[in-house]
Amino acid sequence: MPPERGPGRVIILNGASSSGKSTLAKILQRTLDEPFLYVSSDQFVESGMLPERRDHVGPFAWWQEMRPRFFDGFHRCLPALAAAGNDLIVEHVIEFPEWRRYLARLLEGFDVFLVGVHCDLAEIDRRERERGDRRIGEGRGHVETDGIHTFGPYDYEVDTSDGVSPGLAQSVVTAWRSRCTRRAISALA
């Protein structure tokens, strides 16, 4: 058995697709003095976890039925990892106010620091076109249609429109180190 350690701390990066969350998470991992696991739902998807079966209706017809269960499981993984003593950087698109409230309940009692990752919509569109592996308009939809930044306050916010620099990541680390005991996520529990 590993040595006993207190519960892990959690930094959640919430932002639209192609807003720079992955880049920020990776730089944060290198910048923080302590080891943090980097967790995202994309890692689950890209690992080959999802079924390869395709329906005659279309390649992802099953996804609409499976998606709520997939994300429920993803959300439940977070407190399990943190309870085992792992510090986490969670990259996420909190698409619904219900998800934010659910995460607040699941992570109640943990040290959670919620970061809003904002990016100019034209820049998100440009990144989606340049990447070629995203549905054009997905990130814009997260902001304009889903309203991902309207579900409550953040502990800290960044704008990645000009890219994600080590200085920007350091500002997150500095804010995290000086965090107060009252957190944005706990206001919703």
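Keep in mind that glycine also has a Cβ here, set from the backbone N, Cα and C atoms.
Listed features, source TrEMBL:
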- ASP42: active site (ACT_SITE)
- GLY15, ALA16, SER17, SER18, SER19, GLY20, LYS21, SER22: ATP binding site (BINDING)
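Projection of TrEMBL feature records onto the structure.
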residue	record	DSSP class
GLY15	ATP binding site	strand
GLY20	ATP binding site	coil
ASP42	active site	helix
List the residues in the vicinity of the ATP site, defined as same-chain residues other than GLY15, ALA16, SER17, SER18, SER19, GLY20, LYS21, SER22 with C-beta within 8 angstroms of the site's C-beta centre. VAL93, VAL117, CYS119, ILE124, GLY139, THR160
CB neighbours within 10 A of GLY15 (ATP binding site), counting all protein chains shown, number 28
Using a Cβ cut-off under 8 Å and a sequence separation of 6 or more, which residues in the same chain sit near SER22 (ATP binding site)? SER40, ASP42, GLU91
Out of SER17, SER18, SER19, which of these binding-site residues shows the lowest number of other CB atoms within 10 Å of its CB? SER17
